[in-house]
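J.: Pasting the relevant annotations from Swiss-Prot:
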{"type": "BINDING", "residues": "GLN57, LEU58, ARG59, ASP60, LYS61, ASN89, SER128, LYS157", "note": "4-amino-2-methyl-5-(diphosphooxymethyl)pyrimidine binding site"}
{"type": "BINDING", "residues": "ASP90, ASP109", "note": "Mg(2+) binding site"}
Amino acid sequence: MAWSTLVDPSPSVLTNPIPFPSGRGIVYVITDRRAAGERSLIDIVHAALRGGANAIQLRDKDVPARAMIALGEALLPLTRAAGVPLIVNDRVDVALALDADGVHVGQDDIPADMVRRIIGPARILGVSVATVEQAQQAARDGATYVSVGDLFGTPSKPDAGPPIGLTPLTEIARAVDLPVLGIGGITVANAASVVRAGAVGVAVISAVIGAPDPEAATRALCDVAAQR
């Protein structure tokens, strides 16, 4: 069955979405219940925002829409107060229900061009890519940014496949006129190499969500990501 038969392609307009951060030094934090353990994801995200995170992605592949919406409703006041966009992974329905600032999709999710038609021109659209061809297609589909990985191997996505390393990131950053983030196994120790390879910043899960002090961990990543 074609994707076009499953969704209404008419756009949804958000009056004042928070834009994707401009410039370099972006630290984009992705939520993960498993990495949080018994700690509150809301508290962790709040700490990350205090530490300087300038984009938050709500990601949870394993919970019903209602639970994801409930978490999003708790996070939105924090991100709005910080002037930071809240981007929903995969779930366009959840993003629209929340009036979130954007959606992020992978290569096996709803096609990016269809997501763009649904969410309208103002919201953020992120796409996961691993090759120049995928990044160029994302640009044609209306992506706001792309994330490139898995760079180093990550415990957060055991099905991500073998790490691709930094060379594809450099090639993608040269090939598309979009902000490029590195993702996959990024830590304070290797974040500088990601930025030197051409990324405008880093997307992280465990490095912040699983850190004993998420605020300090985010601040350290921000310091490294801002360096050239």
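Cβ coordinates are placed from backbone N, Cα and C, and glycine is handled just like the others.
Give me the local environment of each listed feature.
T.: Long-range Cβ neighbours of GLN57 (4-amino-2-methyl-5-(diphosphooxymethyl)pyrimidine binding site) (same chain, at least 6 residues apart, Cβ-Cβ under 8 Å): TYR28, VAL29, ILE30, THR31, LEU86, ILE87, VAL88, ASN89, HIS104, GLY126, ALA203.
The Cβ of ASP90 (Mg(2+) binding site) has ARG59, LYS61, VAL103, HIS104, VAL105, GLY106, ASP109, ILE110 as same-chain neighbours under 8 Å, each 6 or more residues away in sequence.
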J.: Out of ASP60, ASP109, which of the binding-site residues has the smallest number of neighbouring Cβ atoms within 10 Å?
T.: ASP109
J.: By the count of other Cβ atoms within 10 Å, pick out the sparsest of the binding-site residues ARG59, LYS61.
T.: LYS61
J.: Just counting, how many other CB atoms are there within 10 A of the CB of SER128 (4-amino-2-methyl-5-(diphosphooxymethyl)pyrimidine binding site)?
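T.: For SER128 (4-amino-2-methyl-5-(diphosphooxymethyl)pyrimidine binding site), the 10 Å Cβ neighbour count is 24.
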J.: Among the binding-site residues LEU58, ASN89, which residue has the largest number of other Cβ atoms within 10 Å of its own Cβ?
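T.: Counting Cβ neighbours within 10 Å, the top one is LEU58.
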